[in-house]
Amino acid sequence: MAMNLGHQIGTLSGKQIPTEFAAGEQPSSATASPSAVWKSPAGNLRSNSPQENASPPMLTPPLTPNSAGEWSYLINLPMLRPDLSVACQAFATSSPLEMTVKDEKKGVSVFVMMPLDSVTNGNTVNRKKAMNASLHALKSAGMEGIMIDVWWGLVEREAPGAYNWGGYTELLDMAKKHGLKVQAVMSFHQCGSNVGDSCTIPLPKWVREEMEKDSDLAYTDQWGRRNYEYVSLGCDSLLVLKGRSPVQCYADFMRAFKDNFKHLLGDTIVEIQVGMGPAGELRYPSYPEENGMWKFPGIGAFQCYDKYMLSSLKAAAEAAGKPEWGSTGPTDAGHYNSWPEDTPFFKKDGGGWNSQYDEFFLSWYSQTLIEHGERILSSASSVFEATGVKISVKVAGIHWHYGSRSHAAELTAGYYNTRFRDGYLPMAQMVARYGAVFNFTCIEMRDHEQPQDALCAPENLVRQVGLATKEAQVPLAGENALPRYDKSAHEQILKASSLNIDGSSNDREMFAFTYLRMNPSLFLPDNWRRFVAFVKKMNEGKDSRRCWEQVEREAEHFVNVTEPFVQEAALALMP
């Protein structure tokens, strides 16, 4: 006898899901975890979780898309049936027993980055219907949680100390309702100047006003061009922002966030990633894409020519007994789009990067960056002490020219990493001093996929960072640098996340992985099926004996039975 849809899902999850209800009768509150979908029918596990009575999000029939093409198959989708609605609710919640088992096993939790413009300029949730449907789809597929940029330029936009948490209050409540954990990024940088930036969110109005009065508050290159993505670290401790220092502003912002969302800290909000530079990364803005200034794989340019950075350089040179070294940074290091061998400073043989002066300069340049990170990390650790959240720091994956002797692109960004020096170990040690997490990008990349003439080596770079974090005894988390939906990228992430890098890391895996980014393409049928299988493999951990093919077959079945609300999410996200 043929089984109806509710019966099929009930069998998959090990639960009996009713398919018809008498007038006024409510669906059963029995729930099943996303992981249950993947297993053969087991015992009838039931949950008394407080979430089990929460109503699933309102799912309406997908609308006809605005344009023809790949979305045409969504036209005339039938109305969502009650049995599927109940099944969606069942997928969204884990029983205590299942959660206990998950917590005890190895595996890497997967988070998904939300769109950069998840909160609007009017401090409301952007595309609320899309957000609700998308969060439901993510939870159903076994995602641990989401990452949200909390923009300084939105929350404290109008005046110092005037915080408007509007859209974030609603967005975080939505995450809690769906049972998703949150990585909250304290985004103290401008959005709109880097790879993947899909919107523009400037620094707060009053900060820009101060930068207009004193342009040396902005990072500056040797040609006098200013970068307004992030306040120069040269003035970290100076009272240049209407009576407060930049670091005080960051600490006050984080304190206000803690006070406003203390009821969610440690439960829904499990991680605070602290922005420390452009794109939120601990680096200098050496390769800005704005106005076409830099293009991959240019080496970038040093950013130490504002008066505050030059003052610091002068003091360091005098302390080293070489006052003549303190007047300026290198002037022979080429331009943003130069290649190492085109410059006297970075060329392989006889390059200045290996001279006594330049060793002094690069040590100062990188150490100043690390001290900047330490100041902000110290503030964050103090603010969020005893709240139950982890603090994390994001470091850029600058993999181009990694195979060159000088590692030019890393040097201009502040990472003093050459063939003769490990530039990532000092950063890892700094992060370790505060019990924080070291978050690294470009986890999805393979060496052979990159331009060979630029000596790109992302796999070797990830390996080096893995070894540095192991030596420093600091947890390593990862992100992909570019949107990828293919199995090859998923396999590379799985390989990297296992941290099998030196033959003695059997008990070590990545702390977590955050996927860039939620958008309509993620929910296309083939992309979503592959992604669901990838998440399951990550959750199972590196000791899993199950092959890709088996997981993909199960993913296919899962995607089929949950197709309507995934389509709802995809359509709602379309512009």
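Cβ coordinates are placed from backbone N, Cα and C, and glycine is handled just like the others.
Range with TrEMBL annotation region 'Disordered', chosen from 22-63, 316-357, is 22-63.
With respect to their backbone Cα atoms, Asp149 (substrate binding site) and Glu281 (active site, proton donor) stand 13 Å from each other. In the structure as shown, the Cβ atom of Glu281 (active site, proton donor) sits within 10 Å of 24 other Cβ atoms. When the recorded positions Asp149, Glu479 are compared by the number of other C-beta atoms lying within 10 angstroms of their own C-beta, Glu479 comes out lowest. In the structure shown, across all protein chains, His399 is the one of the binding-site residues His399, Arg517 with the greatest number of other Cβ atoms within 10 Å. Non-local contacts of Asn480 (substrate binding site) by the CB criterion (under 8 A, 6+ apart in sequence, same chain) comprise Thr441, Cys442, Ile443, Glu444, Ala489, Ile493, Tyr515, Leu516.
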